[in-house]
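Before any comments, here is the structure.
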Amino acid sequence: MKLLADENMPFVQELFGDWADVATCPGRDIRPEQLRDVDVLLVRSITRVDEALLARAERLAFVGTATIGCDHVDTALLARRGIGFASAPGCNKVAVGDYVLAALLRVAAHKDWRLGEKTLAVIGAGNTGAEVARRARALGMRVMLCDPPLAERDPTDFVRFEQAMSADIVSFHVPLTRTGPHASWHLLDEALIGGLHPEQVLINACRGDVWDNQALLARQQGPAPLTLVMDVWEHEPRVLAPLVPHVLIASPHIAGYSLEGKARGTFALYQALCAQQGRDTGFAPEQLLPPPPVAGVTLTGVPDQVQLERLVRLVYDIEQDDRAFRRALGQPGFFDRLRKDYPERRELGSLRLAGAYPAMAGLGFKV
Ligand SMILES: NC(=O)c1ccc[n+]([C@@H]2O[C@H](COP(=O)([O-])OP(=O)(O)OC[C@H]3O[C@@H](n4cnc5c(N)ncnc54)[C@H](O)[C@@H]3O)[C@@H](O)[C@H]2O)c1
Ligand SMILES: O=C(O)[C@H](O)[C@H](O)COP(=O)(O)O
């Protein structure tokens with residue numbers, strides 16, 4: 001069995017090496033002729049799996065994407081051609097929760113806000129949105145959820161989009177869709193951007209095209225800019241460079257890039273391929289992970305917001321990501337390079353807090 005995988009997918013050798021002939025290559029450079037004799041293709045979000053890519057893939061029996069988002073895969077085509085498919089729902093939801101928590105604490109320090117007095121709206125209350133909501137509640141924030149597809153089934157817990165957009169902080173967690181009643185392409189459009197209050201904070205850790213970046217730039221260059229946190233950008237890997245100086249935290253689509261999240265992503269594909277081939281799964285994803293560099297801290301009191309930010313930074317320093325992004329901006333290929341060389345990052349759950357109050361588990365730490 002010949003398996004071709006994106007070179008940025010860790011643990012492929014460990015999981016598939018003893019039963020497949022494994023080759024890896026840059027995900028953006030996979031060519032149709034490379035797939036001629038390939039049985040299994042494992043990709044990340046940067047490989048467009050479509051008619052053109054699969055034109056010569058006569059042996060292909062399985063495609064896996066080690067991601068939550070599937071907007072890069074023509075799943076209808078795979079179904080038509082009888083090619084098995086798996087994604088990794090939820091694999092990096094905890095990492096996205098960590099990213100947004102770190103961002104919230106940074107924003108609060110920047111604006112001199114007490115988060116417990118603020119409202120957070122989550123647009124898209126699925127896997128990642130729910131993680132974010134859990135953490136915000138643990139910070140004492142008032143949380144609004146906006147998810148029209150879920151609200152159609154049970155409206156009890158949800159607010160309308162217009163109400164959500166009035167929150168102090170609005171965090172976006174929707175899949176990218178271009179058609180249908182809940183299409184999310186440019187969900188944040190020029191009209192909406194123009195009507196926001198200058199004190200508001202917007203976070204995008206889902207897909208860049210959900211926000212109209214040109215319209216945001218126009219707003220930011222005006223007299224009443226917003227506070228922005230952007231992990232994802234319209235037209236990645238290209239970035240609208242003039243927007244970056246107007247963004248408080250800028251990063252190269254790494255919100256989900258914890259080591260644990262990546263291990264879960266590859267492992268989900270391993271499980272799916274094992275199931276397709278009737279093979280027993282011999283591993284647990286935890287076995288793939290090295291011990292974390294800092295495994296425990298003892299608290300002697302209830303940490304305030306500043307101490308909480310320090311604790312988070314002990315595991316994940318979002319400012320380091322922001323600095324690396326600004327330093328590299330403009331260099332050829334900088335976006336993909338930062339992602340490829342992304343430092344090993346552990347989840348907050350890798351840190352055990354002794355003496356913590358129980359709500360701190362809601363922030364993601366092990367208590
Ligand atoms: N930046 C990153 O590293 C990163 C990491 C993981 C996921 N993502 C992106 O985030 C997206 C969400 O991930 P998830 O795991 O939470 O997915 P999910 O499918 O679990 O949840 C998405 C939710 O959005 C809702 N939704 C759909 N259209 C909507 C709309 N127009 N308005 C409001 N809600 C809407 C859905 O009903 C669903 O509940 C993924 O599709 C992926 O594109 C990015
Ligand atoms: O959809 C996802 O799961 C994330 O956006 C994913 O982490 C993106 O990372 P990539 O696949 O591009 O490496």
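Heads up, the Cβ atoms here are built off N, Cα and C, so glycines get one too.
Just so it is clear, the model here is predicted, and its values are computed rather than measured.
As annotated by TrEMBL, domain 'D-isomer specific 2-hydroxyacid dehydrogenase catalytic' applies to 21-256.
What TrEMBL lists as substrate binding site is S45, T67, Y257. The Cβ of S45 (substrate binding site) has T65, T67, G69, D71, H72, H253 as same-chain neighbours under 8 Å, each 6 or more residues away in sequence.
Here the domain 'D-isomer specific 2-hydroxyacid dehydrogenase NAD-binding' (114-255) returns a mean pLDDT of 98 for the predicted model. For 114-255, the entry in TrEMBL reads domain 'D-isomer specific 2-hydroxyacid dehydrogenase NAD-binding'.
Marked as NAD(+) binding site by TrEMBL: D147, D231, G256. A coil conformation is recorded for D231 (NAD(+) binding site) in the three-state DSSP classification, outside any helix or strand.
Summarising the environment of R207 (active site), the number of other Cβ atoms within 10 Å of its Cβ, over all protein chains shown, is 24. Residues or ranges marked as active site by TrEMBL: R207 (among others).
Sequence-distant neighbours of E236 (active site) (same chain, 6+ residues apart, CB-CB distance under 8 A): I46, G208, H253, F335. Feature annotation from TrEMBL assigns active site to E236 (among others).
The active site, proton donor annotation in TrEMBL covers H253.
According to TrEMBL, the feature domain 'Erythronate-4-phosphate dehydrogenase dimerisation' maps to 288-355.
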Which binding-site residues sit within 10 Å of R207 (active site) - Cα, from D147, D231, G256: D231
D231 (NAD(+) binding site) to Y257 (substrate binding site) - Cα separation in whole Å: 11
For D147 (NAD(+) binding site), nearby residues of its own chain (Cβ under 8 Å, 6 or more apart in sequence): I123, G124, A125, G126, G129, F158
Neighbourhood of ligand 1 - recorded positions from D147, R207, D231, E236, G256 with Cβ under 6 Å: D147, R207, D231, G256
